[in-house]
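This structure is in structure tokens; I'll ask about it shortly.
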């Protein structure tokens, strides 16, 4: 291990599982470029390590949400193509050019202001992907005339490159989806002007559920990490994904709770019998939220209930009497059918697996497993 950590709580990340998922989609869409979406710190798992591992195995294109995320990757030696999916402030355009980062064009107004910000003596290219709003209702242009004007403006300027056009599906992971309607509209709009190098509209759900031959690239997000976008998608595809993250802690104290005694804030749990409890050094500041009270965790093979309110840094679990200090506890597992799967955690929290992963705090050390290696990253000690 290259770094250390000083708390018995950590996140296991299997980079080989992520690579297997990437290769799976590479085969599924063999005639397309796979754009690996590693925004939000690689959905909480670590964008730098993920990018570095995928690049070692042939990945050439990544997408992030912000220019800051792109620059972070460049600072860590990621020299692959990078696309920022969000809107970059026009006053920061020179930074994008400096770091060779492709940007999203959300509107004609943004593009005109961007052109003003580019120095007259600039000799470096700025790659642009035009965003079309076909039904998501977020950034992007809905008007075909605006799209034509934007492409024309790009083509008239030296060092501006019309590299891509894309849209985003609003409900590709749901039954009775409007995905096909959006796809049809996207094709109609794109066909009105010359086609750029990259045409992409499929997210993870779209990549699993539709062929999308009009496009020559896909954006692989949640499924890159081994998770299905929804139960509907999981039930309607035959593609096997490998979940890559496991949240682990350890019992740091074991004690007996007598009848009538309480635990944690608000005294919401009152013992109705004598029982053994264990304290874990993990809390909602790590991403294991208060709504997980009443959930079950795996304490060395035993399913044990979370009792009392989860604190910022600690939580309490009811355990069998044989449990001792120092025993391993799995709070989120890397198996689809586990009672502690990311989906099970999401259901308990009343949310989706995306949010569960993204909530994983930076203070959690990440232990990366790849090519028979084990490497620790501790953001707090950098």
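Backbone N, Cα and C define each Cβ position, glycine as well.
According to Swiss-Prot, the feature active site, proton acceptor maps to 39, 265, an assignment based on sequence analysis. Summarising the annotation, Swiss-Prot assigns N6-(pyridoxal phosphate)lysine to 39. What Swiss-Prot records for 138, 312 is substrate binding site, and it gives sequence analysis as the kind of evidence.
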Out of 39, 138, give me whichever of these recorded positions has the highest number of other Cβ atoms within 10 Å.
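Checking each of 39, 138, the winner is 39.
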Show which residues of the chain containing residue 265 (active site, proton acceptor), separated from it by at least 6 in sequence, have their CB under 8 Å from its CB.
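Once residues fewer than 6 apart are set aside, residue 265 (active site, proton acceptor) is near 308, 309, 311.
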Residue 312 (substrate binding site) has how many other Cβ neighbours within 10 Å of its own Cβ?
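Cβ-Cβ neighbours of residue 312 (substrate binding site) within 10 Å number 11.
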To the nearest whole angstrom, state the Cα distance for the pair residue 138 (substrate binding site) and residue 39 (active site, proton acceptor).
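Approximately 17 Å lies between the Cα of residue 138 (substrate binding site) and that of residue 39 (active site, proton acceptor).
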Express the distance between the Cα positions of residue 312 (substrate binding site) and residue 39 (active site, proton acceptor) as a whole number of Å.
26
Where does residue 312 (substrate binding site) sit in the DSSP three-state scheme?
coil
